[in-house]
Amino acid sequence: MQLQKPLKIGLGMMGAGLFGIIFGWVLFPVILKSQLKKEMALSKKTDVRAMWEKIPFALDFKVYMFNYTNVEEIMKGAAPIVKEIGPFHFDEWKEKVDIEDHDEDDTITYKKRDYFYFRPDKSGPGLTGEEVVVMPHLLMLSMATIVNNDKPAMLNMLGKAFNGIFDEPKDIFMRVKVLDLLFRGIIINCARTEFAPKAVCTALKKEGATGMTFEPNNQFRFSLFGMRNGTIDPHVVTVRRGIKNVMDVGKVIAIDGKTEQDVWRDKCNEFEGTDGTVFPPFLTEKDNLESFSGDLCRSFKPWYQKKTSYRGIKTNRYVANIGDFANDPELQCYCDSPDKCPPKGLMDLMKCMKAPMYASLPHYLDSDPQLLKDVKGLSPDANEHGIEIDFEPISGTPMVAKQRVQFNIILLKADKMDLIKDLPGTMTPLFWIEEGLALNKTFVKMLKNQLFIPKRIVSVVKWLLAGVGFVGLVGSLVYQFKGKMINFALSPSSAPVTKVNPEINQQNQPKDISIIGESQNPPKVDM
């Protein structure tokens, strides 16, 4: 039996709807996931690999200095009063060099190189980098703290060395131009021939003090970031490429060939998470991210906070903090022992940086309240001082990131050195940095074209086809129903007939009464 044309159309529309449902809700997600697995892995000649090797735009590197306004009082034991100056804005360009792929275990090795360019136009109003700030002397306080911890009896001799190296300092503070401290370097005079200065300078050179370069005529140059600017980091990092398993993409598995650190205790020496420049796709709100920071020798585990959006793209915000080492069992292995952990919100960096520094969030956000009480002039704000990253969850792309950390030092109080015998002995801030990322319009458009536009097109098409199928189904049902009604109305069936047949009379003539339809004549009754 041949189908009528309207019914054929209806069935065709239902077929289109069924295809839309199967493709849009079943096949396309599988295809998209498969394609993303290929695109997000660190395969050669992919966009992700190219951006991973050399980020094609500058990151925002901002430095905020703390200027101390009551030095004389601090030297007598008073609480420090500080005033924040900044930001001093730098364009930071990142690249990876000496890259080698290892197909056998799906890994890749590389070294890092960063470039910094000062941007007065993006810095705080009127800041040129030539401003002189007053702050605790990093070298003198660091050396005094190390000697006090290891050989306190040597503090007196160290004081004599300071007199020679730093020209009879009157206090434990430095007056220095910001750019000199950050990058250009400050000169340390190690040309003195007296025993104490010479012994200290020899020890500095032998130990290879952090941030120190050595120049002719026994002149040392110290800066916070100068050695990083344009210099290849000597450490060789090994990460997973994610070709075999995209969920492992960027995961750090070794540094300098070692599969774990020898800095901390137990589990804290393990490399957990990615290198911080790439993350796995298909993130959900329940996923806790992990990234390893080589600068701080530890992993961070940001957690989901809330839904956000950036340039029209839906994102998930993740946040992190330094942690509470004393009360978090997972973090106690960063301490010499559980009873020797620093206060909440502080991390001791001595073993990592070989300097008696402490990391915290800026302005002691999420830290022990006593830290704020010991310093005047701080005002923590979660929006201004927290760590936050906004991810596009399907691709795992960081759209906006603000990584912030503050460096602190103890104003050491020790009787055996005149310069520090009356200091308050409390933790105090030095400076804090923000490393920021915000994808520009070009890369947001690229992400939309590669991911969201195809997804939206399929979304529209699948609903359109599903709608067409629904219309076809309804149309077919209506057509079938109407056809049956028409056939029923045109069928040759009679109206209902009622007959009454009484007994035959004596003349054998029938006596009946019949009603057929709507008769125009009255019924005839034969007696």
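Using the three backbone atoms N, Cα and C, a Cβ is placed for every residue, glycine included.
What Swiss-Prot records for 1-10 (among others) is topological domain 'Cytoplasmic'.
The feature transmembrane segment is assigned by Swiss-Prot to 11-31 (among others), with sequence analysis given as support.
The topological domain 'Extracellular' annotation in Swiss-Prot covers 32-456.
Taking the Cβ of N67 (N-linked glycosylation site) as centre and 10 Å as the limit, one finds 17 other Cβ atoms among all the protein chains shown. Look at Swiss-Prot and you will find N67 (among others) tagged as N-linked glycosylation site, backed by sequence analysis.
Swiss-Prot lists N229 (among others) with the feature N-linked glycosylation site, giving sequence analysis as the kind of evidence. In the three-state DSSP scheme, N229 (N-linked glycosylation site) is classed as strand. A sphere of 10 angstroms centred on the C-beta of N229 (N-linked glycosylation site) encloses 17 other C-beta atoms.
For C268-C333 (among others), the entry in Swiss-Prot reads disulfide bond, with the evidence type similarity to another entry. Of all Cβ atoms in the protein chains displayed, 20 besides its own lie within 10 Å of the Cβ of C268 (disulfide bond).
What Swiss-Prot records for C297-C352 (among others) is disulfide bond, and it gives similarity to another entry as the kind of evidence. Taking Cβ-Cβ distances under 8 Å and a sequence separation of 6 or more, the neighbours of C297 (disulfide bond) in its chain are Q261, V263, W264, L349, K351, C352.
Annotation comment: Swiss-Prot describes C335-C341 (among others) as disulfide bond. Counting only residues at least six positions away in the same chain, the Cβ atoms of R265, F325, A326, C341, P342, D348 sit under 8 Å from the Cβ of C335 (disulfide bond).
In the three-state DSSP scheme, N440 (N-linked glycosylation site) is classed as coil. Long-range Cβ contacts of N440 (N-linked glycosylation site) within its own chain (separation 6+, distance under 8 Å): F57. If you look up Swiss-Prot, you'll see N440 (among others) marked as N-linked glycosylation site.
According to Swiss-Prot, the feature transmembrane segment maps to 457-477 (among others).
Look at Swiss-Prot and you will find 478-527 (among others) tagged as topological domain 'Cytoplasmic', backed by sequence analysis.
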Fewest-neighbour residue among disulfide-bonded residues, criterion Cβ within 10 Å, set C333, C341, C352: C333
Among N67, C268, C333, which are recorded as recorded positions, the nearest neighbour of N229 (N-linked glycosylation site) by Cα: N67
Residue pair N67 (N-linked glycosylation site), C333 (disulfide bond) - Cα distance, angstrom, rounded: 34
